[in-house]
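Below is one structure; the comments refer to it alone.
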Amino acid sequence: MLQNDTIAAIATPPGEGSVAIVRVSGPDAISISNRIFSGNIAGYASHTAHLGTVVHNEVCIDQALVLIMRTPRSFTGEDIVEFQCHGGYFACSQILNALLAEGARAALPGEFSQRAFLNGKIDLIQAEAIQQLISAENIDAFHIAQNQFQGHTSQAISSISSLIIEALAYIEVLADFPEEDIETERSLPVQKITEALTITQELLSSFDEGQRLAQGTSIVLAGLPNAGKSSILNALTQKNRAIVTDIPGTTRDILEENWVLQGKNLRLIDSAGIRETENIVEKEGIERARQAMSQAEGILWVMDASQPVPEFPAILYQKPTILLWNKCDVASPPQLEVPFQQIFVSAKTGKGFSELRQALNKWLHTTQLGKSSKVFLVSARHHSLLHAVHTCLTDALTGFQEHLPNECLALDLRQALHSIGNLSGSEVTENVLGEIFSKFCIGK
């Protein structure tokens, strides 16, 4: 449902800054803005910028640069005016209040993006990518969101939809002319459904990798008690995140810290020291440590250079592992021939941490996105709907093999198209739209 009113909001985050932006969109955006600006906004051409003074009730608010983008050549598809004023809280707030006093309505979270979607400027997948771009915490999450916003995900979904529509058209012909001998034509919809299934499966298979790239690679620090795992976590992140004492078994639970290394996100996981114990609480912590090791993508096995070398757990041989010798400022570690990279550090002095960061960086850059157009799913909503599409296509393919009635096959394909419609936004409900855009910031 298209909106008829004019909305306004501050588009920049609160606080000190060189520039703040107030955005207005809607049928009366130009006339409302014109009433508070010293220049003649109504006479300005689209996509031009003009310097002037914002005045309301004969009071000068601020000098501002005004940008005009006329319908339909704007982000929302409506007339848009943006006021670029001095940063800080008061100038932009007073400009917004003036716009509201002249008839604009305060925008809801994500309402500008929602209008762009409703006016056909972007689809729902691209709209969701805007929030992902804003909230990206590392360079991979940014590239994934950028690819989605540029339409690469939408193109893949559109390909699936086109193949299903072609298959459905063949099936409807078969249903309309059952007396005709066109059995050989049944291979055509099977081919289209198979192609659609292949693309769908590729997208579904990208979900775990997309989640890892967007959320960060999980690296667990594990080892015997008092080896210095918590000290290493604190040293790497440069935070006093974990409690450090000389008492073995201080860490009883999993402690996770996000850390960005050269644009890549790591989830560093500190864990309880692994040993035999009768303490019930410590036992639970050790079990969680083992679970963290099994679920992590890499292990930093921390050893005390001054202590005897214990037997290594089997899981170290099954995952990317670095053998991290700590406390090398007070003891020399033994010479071992093991299939792991060995790094010698001191959490106390900082020795060896440059080499450790280089090794971790090498791990992280095994997947390079850069300007690649590869599509990764990261949204649970997208994954759920595509899984429904996959189920419907699989059922349709099975139905062909079992010679089910064409009406049953057509029903499966229509259900698949319905899920795709929910994905792209062509059939989405207002409740779903409200839930999606409510997560956006105001002014976007």
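Placement of Cβ uses the backbone N, Cα and C atoms for every residue, glycine included.
Matching Glu78, Glu82, Glu402, Glu407 to the (6S)-5-formyl-5,6,7,8-tetrahydrofolate binding residues that Swiss-Prot gives (Arg23, Lys121, Lys444) identifies Glu82.
Asn226 (GTP binding site) sits 58 Å from Glu82 ((6S)-5-formyl-5,6,7,8-tetrahydrofolate binding site), taking the C-alpha atoms as the reference points. Around the Cβ of Lys121 ((6S)-5-formyl-5,6,7,8-tetrahydrofolate binding site), a 10 Å sphere holds 18 further Cβ atoms from the protein chains shown. For the recorded site, Arg23 ((6S)-5-formyl-5,6,7,8-tetrahydrofolate binding site), the DSSP three-state label reads strand. A separation of roughly 9 Å, to the nearest angstrom, links the Cα atoms of Ser230 (Mg(2+) binding site) and Ala272 (GTP binding site). A separation of roughly 51 Å, to the nearest angstrom, links the Cα atoms of Glu82 ((6S)-5-formyl-5,6,7,8-tetrahydrofolate binding site) and Lys229 (GTP binding site).
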